[in-house]
Protein chains: 2
Amino acid sequence: MALEITKAFIEEIEEAIERADAAYILSSLEDMYPADITTVLYELNTPQSKYVLDLLEPEVGSEILSGIDPEVRNNFLKSFTSEEIARYVNLMESDDAVDVLNEQKVQVREEVISLLDNEEKAADIIDLLHYEEDSAGGLMAKELVKVNLHWRVRQCIAEIRRQAETVEKVGGVYVVDDKDKLVGRLGLKALILAHDETPITELYDPDVISIESYKKDTEVVDVMQKYDLEAVPVVNAQGKLLGRITIDDVVDVIQEQAETTMQLMTGVTENTDE
Amino acid sequence: MALEITKAFIEEIEEAIERADAAYILSSLEDMYPADITTVLYELNTPQSKYVLDLLEPEVGSEILSGIDPEVRNNFLKSFTSEEIARYVNLMESDDAVDVLNEQKVQVREEVISLLDNEEKAADIIDLLHYEEDSAGGLMAKELVKVNLHWRVRQCIAEIRRQAETVEKVGGVYVVDDKDKLVGRLGLKALILAHDETPITELYDPDVISIESYKKDTEVVDVMQKYDLEAVPVVNAQGKLLGRITIDDVVDVIQEQAETTMQLMTGVTENTDE
C-alpha cells in the first residue's frame with residue numbers, strides 16, 4: 001500500500017540533511033517508491049531536495065524528475081548544471097525527456113542535448129522536439145516494440161528481449177511491413193500462447209487504430225476513450241510508425257479538457273491558478 | 001483509422017430499416033468497430049436502434065451496450081425484455097454488467113440475474129452489487145489472471161490460456177499465496193522472456209500496489225496517477241485479492257474529479273446538464 005508520510009518523518013530527513021548524514025537518508029528512503037520520494041521532496045526546500053536527489057541512484061532520480069509537477073521541476077532544475085540535467089535526461093523515456101527540455105531556455109536545451117551519452121536517445125529527442133507540444137507527435141514516446149510482418153514468434157520474442165531495457169511498459173507489439181508502415185498489432189497474450197515457429201502473419205490483428213502525428217492532443221484523448229485503448233500508435237501521413245502514446249501520458253490532457261469544458265459552461269475564461 | 005460517419009450513410013441505414021433489409025444493414029456495418037456502430041445508433045431513434053442491435057452478433061451488441069452513454073442506455077433498455085437484457089449481460093465483463101444492472105429497477109435486476117446462463121458471471125455480479133458505486137469495489141471487475149506463488153511459468157501460461165476467454169485485456173498477472181492473499185505481480189514481458197520451468201518465486205515483483213475495496217473512487221484515481229498504473233488490484237481488509245480496476249474504468253472519475261475541482265474554484269455548485 002501507499003505510504004503515509006508524516007511530519008515527524010520530514011523533520012528527521014531535514015535534520016539528517018543538516019548534518020549531511022547520507023547513510024541515514026538513504027536507508028530512510030530505501031523502501032520507498034519514486035512517487036513517494038517525490039512527495040518527500042515537495043516538503044523540502046530547493047537545496048535540501050537537490051541534496052537528496054544527488055544521493056539517489058540516477059535511475060530513481062530520473063523517474064522522480066519525470067513524474068514531478070512541471071512547474072516545480074522547472075524551478076528546481078534552475079539550480080542544476082547542464083551536465084547534471086543531462087545525466088537524468090539520458091535515462092528518461094523520450095517523451096519525458098522532451099517535456100523537460102521544452103521547459104529549458106534554448107541555450108540549456110542545446111547544451112544538454114550535446115551532453116547526452118545515449119546517441120539513439122539523443123536522436124529520438126531531437127526528432128520529437130519538432131512536434132507541437134499539444135499534438136499527437138508532442139505526446140508520443142519513440143520507445144516501442146515493433147516487429148516485421150514476415151517474422152515468426154521466435155524473432156518477435158528476441159526483439160522484445162532486445163528492447164526490454166529501453167521500453168518500460170511493452171503492452172503490445174506493433175507490426176510493420178518492410179517500409180516501416182504500420183500494418184497491425186499483436187497483444188502479448190497472443191504471443192504468450194503461440195508457438196515459437198508460428199508466423200506473425202497468422203497471429204497479428206490488422207485492425208489497428210492509429211493517429212497521425214499532426215492531430216490535436218484532444219483528438220488523441222477522444223480516440224483512446226472511444227476505442228478504449230491503453231496505447232495508440234502514432235503514424236505520419238504515409239502510415240509510417242513514428243511512436244506511441246500511452247494512456248498515462250494523456251491523463252493530464254483529459255483533466256485539462258474537463259476543466260475547459262467546465263470553464264465554457266460556467267463562463268469563466270480567465271486563467272486560474274491551481 | 002477511425003471512420004467518418006456521414007449523414008448520407010445514416011439515411012441509407014434508416015431506409016434499409018424501413019424496408020427491413022437486414023442483409024444491407026449487416027454488410028454496411030460489417031467492417032465497423034463496435035464504438036463506431038454506437039455512433040450510428042446515437043443518430044437513430046429507439047425502435048430503429050433496437051432493430052439494428054437485434055441483427056448484430058450478441059458479442060458485438062454487448063460491447064456496444066457496455067460502452068454506450070449510461071443515460072442513453074437506461075432509456076434504450078426500457079424497450080427490452082429481461083430475457084433480452086440477460087442475453088447481453090451474460091457476455092459483459094462483470095463491472096460493466098453491474099453498471100447496467102444498477103441502472104435497472106429492482107424487479108428487472110432480479111429477473112435478469114435469475115436468467116443469466118453463465119453461473120460464474122452471475123456469482124461475480126451478485127458479489128459486486130454489494131459495493132458502493134463510488135468505491136474501489138464498485139469500480140472493479142472480477143475478471144483477472146491470478147497465479148499461485150508456488151507455481152512455475154508453465155502453469156502460469158496454462159492459467160492464462162484457461163482465462164484467455166473471459167479476460168479481455170490481461171496486462172499483468174497477480175500472484176497470490178495459498179490463502180488467496182495478494183503477494184505480488186508479474187508482468188507479461190517477464191513471463192515471455194522466462195523459461196517454462198522457472199519458479200514464479202524467482203520472477204515475481206513483491207512490490208505491488210493495491211487498494212482496499214472500501215476506498216473512495218477518487219482515491220483510486222490518485223493512487224493510479226501517482227504510481228502511473230494501468231491497473232490496480234483491489235483487496236479486502238485481510239489482503240485477499242478481490243478484483244482489479246483498469247485505467248479506462250476510472251477515466252470517467254478523472255473527468256468528474258476535474259469538473260468538481262472547477263466547480264469549487266468557480267463557486268458553481270448546482271447540478272449542470274451536459
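Every residue gets a Cβ built from N, Cα and C, even glycine.
According to TrEMBL, the feature domain 'CBS' maps to B:140-202, B:204-260.
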Composition by DSSP (helix, strand, coil) of residues within the domain 'CBS' (B:140-202): 20 helix, 18 strand, 25 coil
Confidence summary for the domain 'CBS' (B:204-260), mean pLDDT rounded: 90
Three-state composition of the domain 'CBS' (B:204-260), taking helix and strand from DSSP: 24 helix, 16 strand, 17 coil
